[in-house]
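Okay, structure first, notes after.
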Amino acid sequence: MDKSYKNVYITTPIYYVNDVAHIGHAYTTIIADMLARYSRLTGLDTYFLTGTDEHGQKIEQSAKQRGRTPQEYADEISGKFRTLWDDFDISYDKFIRTTDEEHKIGVQKAFETMYNKGDIYKGDYEGFYCVSCETFFTEKQLVDEQFCPDCGKPTNIVKEESFFFKLSKYEDKLIKWYEENEDCILPRSKKNEIVNFVKGGLKDLSISRTSFDWGVKLPESINEPKHVMYVWLDALLNYITALGYGNKEENMNYWPAKVQLVGKDILRFHAIYWPAFLMSLDLPLPTHIAAHGWWTRDGEKMSKSKGNVVNPKEVADAYGLDAFRYFMLREVPFGQDGDFSQKALMDRINSDLGNDLGNLLNRISGMSGKYFDFKVNSVDVEKFHKKELDEVNEILENVESYIFNMQLNRYLEDIWKVLTIANKAIGDYEPWAKMKEGKTEEAMALVALITNIMAKVALLLDSVMPEKISKIADSLGIEINTDTYNKLIVNKELLDETTITKVEQLFPRIEEVLLEQASTADVSKAEPEEKAKAKIDQKKENDEESDNLITIDQFFETTLKVGTIIEAEEVPKSKKLLKLQVDLGEGKNRQILAGIKEFYDAKDLVGTQACVVANLKPAKLMGMLSEGMLMAARDENGLSLIRPETPKKSGTKIS
Ligand code: MSP
């Protein structure tokens, strides 16, 4: 192992508290946990950070919708994340919340430092803001002049006084960093996207807001009480405030981070803004920013509205936490998207875990028990199995290099190659035949070879499946610790004499999916679609997240009316927009811009009716005012406007 560094700091993104944890959050956290456990086992001083991101307009809005204060709401959801990670035995050293006092002090200190350096100035921001992604966009970046290019939701027009960070100043320095540090962003394909983006030119970044309150105030020395910090500045700084930055600095010796894990959707913030902020603070940059792909379900993005979100706790409870961890780490090459299905998980459990790993352990206890009263010694392994030992050591020598390069599935694939060598050796050397022939030494050498391979594998899999590996270790009579790691892995030594204990089947075979399909939204092909859909609907009704339901009063906050389309024309230069004059019975028509050009000819719409959201704040699209929104439904066959079944008077209320 490369010991050129002493301290290893691993971070996950901090999770927004507007949603409960799903498989995507679990994925990031499990990867980080694996790295941290591995690093600790090798003897490195390791610090592992996770936590929750609690400020910003999105959280403020979510809390309001539920009639709660942002703090109450954040407390509840943050608590749920923490409980889940505790249930999952995630070995974090610190769980940070951006509402922690120490964090806020650190963030203000950082702001002040950047300001004093001349990297922050005051100006006016005018542009578009996606509350869901908490991201600013220029008009050019929007999709169809209105929608967020990342999540597809409508953006808001923002015009307010703001402080700006001189991101443009760091363009060349960032490019130099990318060039000089080949693996600073992993995987490399993702790095190329970032480098190209930065080479395209960086604009200064708006880093304060005045239109809402739920955020860290600017430092008092700046005397701008109206401003709160942009949530991404606040959030990114958690990685250093967690170590005491701007405060007691008690753990700053862990900085810079070894690996900062993120999902691909938030790589831009971490690979551009974050290093620029660090440069401004004169702090060193992380070794790796590693972006993983997204988990989908049946090839579809998971979302609450589709009811297809995979609940990690349910999956772990049904199939076992360690199996779930193994599946997530093995199934998809880091950086690529993965698709969750119970079938794929079952296959991994039955084949990799049950057959290759679990059965091998049973064979060790079976053979050692039958022939040697459970006592195994390694004295003759070198003599009879040098070839196998060399093969195993050669593979294991290289697996370590995969870890911090985030080639975690290759790490596991190679460990499975080693298990194959062990399983194959049993068939090749037939210890039962050796015993019959009286070649006891050879039979013992074979059993000891397998036991040693299992012990080495156990050490390397401890970070992946800590609970099951502790059972394997008990069975082999070994301890999983740095000393054993150094002896068996680093120094390639063999076990001293050991006594095997019988254990129960570690990964019993699973014949049928264990979860109601709807609850993981894994609709099996065998199941009639209708039945599955009914289950999903039922699940939605029963969903314990009933706090997503709205009251009738909340529903009536939206005014829906029947509108008659009086005029319709195409908006020049727009692929999507039609400009409509709609009569809502108000004496004066409303101008509404609707993104339906691909589906309707303007002339066919005149005289027809549609349901209109009538109390929407007017917005400008392509410089034109839009005073409402037509309701429509869209699926793979196209889009249809929602209309009354029989004509109704213009302006009739819909309820
Ligand atoms: N709060 C920000 C991060 C700030 S870090 C300074 C945030 N939070 S999040 O809760 O929305 O997302 C956290 C992580 O979960 C991201 O890395 C994101 O990529 C990951 N995932 C969310 N959905 C996912 C999948 N469906 N699949 C895999 N990971 C996904 O962004």
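Just so you know, glycine gets a Cβ as well, placed from its N, Cα and C.
The range from 15-25, 81-91, 125-135, 257-267 that TrEMBL describes as motif ''HIGH' region' is residues 15-25. Excluding CYS130, CYS133, CYS148, CYS151 themselves, the residues of that chain whose CB lies within 8 A of the CB mean position for the Zn(2+) site are, in sequence, VAL131, SER132, THR135, PHE137, PRO149, ASP150, GLY152, LYS153, THR155. Least packed by the Cβ count within 10 Å, out of the binding-site residues CYS130, CYS133, CYS148, CYS151, is CYS151.
Remote same-chain partners of the motif ''HIGH' region' (15-25), defined as residues 6 or more beyond its termini with a Cβ less than 8 Å from a stretch Cβ, comprise 50-54, 56, 58-59, 62, 73-74, 76-78, 80-81, 84, 263, 294-295, 302, 304, 309-313, 315, 328, 340, 545.
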